[in-house]
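Down below is the structure, laid out as structure tokens.
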Amino acid sequence: MTKPIVFSGAQPSGELTIGNYMGALRQWVNMQDDYHCIYCIVDQHAITVRQDAQKLRKATLDTLALYLACGIDPEKSTIFVQSHVPEHAQLGWALNCYTYFGELSRMTQFKDKSARYAENINAGLFDYPVLMAADILLYQTNLVPVGEDQKQHLELSRDIAQRFNALYGEIFKVPEPFIPKSGARVMSLLEPTKKMSKSDDNRNNVIGLLEDPKSVVKKIKRAVTDSDEPPVVRYDVQNKAGVSNLLDILSAVTGQSIPELEKQFEGKMYGHLKGEVADAVSGMLTELQERYHRFRNDEAFLQQVMKDGAEKASAHASRTLKAVYEAIGFVAKP
């Protein structure tokens, strides 16, 4: 039986965090045996905000090495860089003509980003969700692992696919969201009611996957908990957001359930919890970084992974693009 196709991607425009790892990358790794996984480094999305060219090139290779270090296996999955597969931009343009201005105007991420990058509100930033739809629909994707912040974009992808299919027949699979049961959201260390973000200006809120583990220990020990007396280590997102966040992180790293951890820390101080979280996270990062540096220092291997991945992706993408071009009436290239 053919495995369902999963597509997902991440920008190379900033260092990945443990939030990215626990909320996305680890799920990607776990899906490799049961699904046909296609994972993309979306460098074309990254340039919707200004990038330094040298830094972008470095960040792309860094991100690829991190994917591999986290356990994404090029023998099991297709891993590639978006700009290496021109069908993404080609389908993106075609889908622009089947997407309405009003739909894009309602995208909350555009509103947020245009406020943050007021000096550079470019058409690419506005049009970002259409390229994302092309990314997904090119591969006849069945499932897309999405966080809450991308659900609206996936809904638009589904709408575009259904609109196109209604006009031309079943050209696209209509993708479904895949939302993991747990580990999907790691919150900010000092503001635990908001999601941890690699673009956060306050670096004390964020744990980067490539950060010095000693620095991470200090950050975790400064993390917000609670002011109750005596302290109670209990999972309660509404009333104990900081404590709950630390329990979520510890559970994700160790594999222990939340009830097991609550029992383990019964009668203990918040300092005990922070110490355990710090030890677990720093240990995990030390091992991950050793693997990362091994891959990052072998640039010939990274180049081969990108080349092989782009060839596999393009073989799949070109079939979809050919069907789209034929449906809309383009003359086939001689």
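Placement of Cβ uses the backbone N, Cα and C atoms for every residue, glycine included.
What Swiss-Prot says about this one:
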type    : residues                                                                                                  : note
BINDING : Gln11, Pro12, Ser13, Gly19, Asn20, Gly147, Glu148, Asp149, Val186, Lys195, Met196, Ser197, Lys198, Ser199 : ATP binding site
MOTIF   : 12-20                                                                                                     : motif ''HIGH' region'
BINDING : Asp135                                                                                                    : L-tryptophan binding site
MOTIF   : 195-199                                                                                                   : motif ''KMSKS' region'
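Distribution of Swiss-Prot features across the structure.
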{"residue": "Gln11", "record": "ATP binding site", "Cβ neighbours (10 Å)": "23"}
{"residue": "Asn20", "record": "ATP binding site", "Cβ neighbours (10 Å)": "23"}
{"residue": "Asp135", "record": "L-tryptophan binding site", "Cβ neighbours (10 Å)": "27"}
{"residue": "Val186", "record": "ATP binding site", "Cβ neighbours (10 Å)": "22"}
{"residue": "Met196", "record": "ATP binding site", "Cβ neighbours (10 Å)": "23"}
{"residue": "Lys198", "record": "ATP binding site", "Cβ neighbours (10 Å)": "16"}
Between the residue listed as 'L-tryptophan binding site' and Met196 (ATP binding site): CA-CA distance (Å): 25
Candidate nearest the residue listed as 'L-tryptophan binding site' in space, where candidates are the binding-site residues Gln11, Asn20, Val186, Lys198 and distance is Cα-Cα: Gln11
Secondary structure of Asp135 (L-tryptophan binding site) (DSSP, helix/strand/coil): helix
Within the motif ''KMSKS' region' (195-199), residues counted as helix, strand or coil by DSSP: 0 helix, 1 strand, 4 coil
Mapped DSSP class for Asn20 (ATP binding site), helix or strand or coil: helix
Confidence summary for the motif ''KMSKS' region' (195-199), mean pLDDT rounded: 83
